[in-house]
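Residues or ranges marked as domain 'Fe2OG dioxygenase' by TrEMBL: 243-363. If you look up TrEMBL, you'll see H261, D263, H317 marked as Fe cation binding site.
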Amino acid sequence: MYGSVPADTTAESERTAFRNAEKRYKLYKAPARRSNRKKSSIKEVDLSDVFDFRAILEAYERGGEIPDGVFRFECSGFHRRVFCFDDRPGFYFIPSALTVQEQGHWIRESLTTFPQPPNRTNHTATYGPIFDLFKAVQNQEVLTEDETSANLECEHIPVDNFHVAQRFIFSEASAIIHKEKACKPIAASLLLRKLRWSTLGLQFDWSKRNYDVTLHHNKIPDSLCLLAKKMASPAMPSGEEFKPEAAIVNYFGPSDMLGGHLDDMEADWSKPIVSISLGCKAIFLLGGKSREDLPVAMFLRSGDIVLMAGQARECFHGIPRIFTDKEHAEVSTLFSQFSGGEDSCFRDYVANSRININIRQVN
């Protein structure tokens, strides 16, 4: 489901409605002109049908009308505006839910803390536990196989059902130039660009599409739990409190997308998934219970939060595109949160990436 999607040669008439929508909004690059072979231009896409909830919020607060098919959801004690679709029960959109300062905090956590073992990432299967990836990027280090394979500090860290030694460590690039290695060293910056997901709390097994309770894990950080509980309240059954038990953090590069899928591995669909958007703006597609149902498209900006509960949990959804060009990415305000001398790596990452934190109640 995740990653760059190969070319689709299927005739438009044979594709599902959801797939046609993905094709419509996907990032395409026009061939470079002969006079400038190194540069290619991005094909323009008609965005006139994409719902813009931040614009809807601004219009509403000025006394304007809400578009047909959308209504404001009233939630006692919840002090942010919430919007819903008439025909998508269980879906809640909270535009500008996080302040710029909060966004900066969770971007830092997503890059420095959330990929730390025992949390698993898409790199874990290949390299085992990798510590301090972002710090290694800041120090311009490379990942290399440990010659001794006897790193005593990390030898007894449970990564899965076994106590696995740390096989790969970060080193200064200059320190390994003249040493032969069984595995070619890899720049930490490249590993960060190839980071696609990390799992917090109960660990999700992507191959089996379920939660493996036997895998060693830490609880979700208290501060993230508190945020999720507060933001989940519009979608919670009366008198119940959201209990965050697991989170999947997705990392999107410039040409990445998340194909249409269902989040159906949790036991109780009446409890929402709390989805936090950070970084570059994206398009989100919300379909129906069949891929043949025409999806509705909307913008997701940094600081927006989406809740999906009940019937909405049965709806196909995905991210066909993120915007990384200066005109549409809308991340300039985030740069103020990374203005320190050591923050250049954060700024570089935010400039053309998106992070999505999905918090779930499993049981």
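Just so you know, glycine gets a Cβ as well, placed from its N, Cα and C.
Computed from a predicted structure; not experimentally measured.
Of the listed binding-site residues, namely H261, H317, the sparsest CB environment within 10 A is found at H261.
Each of G260, L262, C315, F316, G318 belongs to the same chain as H261, D263, H317, is absent from that list, and has a C-beta within 8 angstroms of the C-beta centroid marking the Fe cation site. Sorting each residue of the domain 'Fe2OG dioxygenase' (243-363) by its DSSP state yields 24 helix, 45 strand, 52 coil.
Taking a C-beta cut-off of under 8 Å and a sequence gap of six or more, D263 (Fe cation binding site) has these contacts in its own chain: I273, M308, R313, N358, R360.
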